[in-house]
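If you check Swiss-Prot, you get these features:
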| type | residues | note |
| --- | --- | --- |
| ACT_SITE | C175 | active site, thioimidate intermediate |
| BINDING | 204-227 | NADP(+) binding site |
Amino acid sequence: MESVFDYEDIQLIPAKCIVRSRSECDTSVILGEHSFRLPVVPANMQTIIDENIALFLAQNGYFYIMHRFEPEKRLSFIKNMKSKGLFASISVGVKREEYDFIKQLAQENLSPEYITIDIAHGHSNTVIEMIQHIKKYLPKSFVIAGNVGTPEAVRELEHAGADATKVGIGPGKVCITKIKTGFGTGGWQLAALRWCSKAASKPIIADGGIRTPGDIAKSIRFGATMVMIGSLFAGHEESPGETIEKDGKLYKEYFGSASEFQKGEKRNVEGKKMFVEYKGPLKDTLIEMEQDLQSSISYAGGKSLDAIRTVDYVIVKNSIFNGDRIY
């Protein structure tokens, strides 16, 4: 493959600014039949999203994907969102009971607007079969399939009927797949995104490895329609998970979807737990992300996200921050 790089290795090159104010820049994105205020989605993890956060995001024009780790709540969640006139976006796995759940939704005439097939290694027959099953019983649902890390995987899942693919194998802050297995896109996630997006004919969701707001713009440049983020969305006032105090500072727990803390057992573990500093209200982070992305668009010389997709860039191996950290 071509040159390998990650987020910290890339600097986007500015183009002539055409706006008088960054507030003129539009950060909205279309996914499926809906438009959203930002091309970002909080990771569908237990310490990142719950029913209340999903409701807040949907009511305020943001995309969300509800996690799949409390399957008994999914039916009532879908009904509740639809009763409020909001879109329903859920996750499923590939076990036998998930097939029954999809059939149940069809029988009750409940079609979530978005269904994400959420497993660690998405380039598999089990995912292909689940895509086909959902498309048979819930043909109107927008199916996101993942996670994958190769063009072949993107093509196969699209061919099976996926409406979008999620790219990223273990680059996240609480994912240790690369350490435990030797496989993944950790350390070259941005190059993997570029590689996969060239093969894609449908939207790609970049998942994992986002450490700064600027990484969102870089993901857009290399082919992402939407960017899934875990660590930047962890630790908020509304975030699920335990809050602790240490040395006079507040922290909230954040753990991976394949960690023993989520699984409830120490078996096939590919995730870990950490505590992140308390960040305050979620809405403040969303506003900051929007403002930063508006600035990115202005530097790209346009008024919408499309401007970012065509800017030039340079590869500056591991040196662009020079030790700088904003968090």
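Backbone N, Cα and C atoms are what each Cβ position is placed from, and that goes for glycine too.
Annotated features taken from Swiss-Prot, shown on the structure.
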residue : record                                : DSSP class
C175    : active site, thioimidate intermediate : strand
I204    : NADP(+) binding site                  : strand
I210    : NADP(+) binding site                  : coil
I216    : NADP(+) binding site                  : helix
F222    : NADP(+) binding site                  : coil
C175 (active site, thioimidate intermediate) and I204 (NADP(+) binding site), distance between Cα atoms, whole Å: 20
- prompt: List, in sequence order, the same-chain residues at least six positions removed whose CB sits under 8 Å from that of F222 (NADP(+) binding site)?
  reply: L190, L193, R194, S197, A206
- request: Starting from the Cβ of T225 (NADP(+) binding site), draw a 10 Å sphere and report how many other Cβ atoms land inside it.
  value: 19
- prompt: Which whole-number value in Å describes the distance between the Cα atoms of P213 (NADP(+) binding site) and C175 (active site, thioimidate intermediate)?
  reply: 20
- prompt: How many other Cβ atoms are found within 10 Å of the Cβ atom of S219 (NADP(+) binding site), counting all protein chains shown?
  reply: 31
Message: For the C-alpha pair, I'd like the distance in angstrom between C175 (active site, thioimidate intermediate) and D207 (NADP(+) binding site), rounded off.
response: 12
Query: What number of additional C-beta atoms lies within 10 angstroms of the C-beta atom of I210 (NADP(+) binding site)?
result: 27
Query: Around D207 (NADP(+) binding site), how many other C-beta atoms are within 10 angstroms of its C-beta?
result: 32
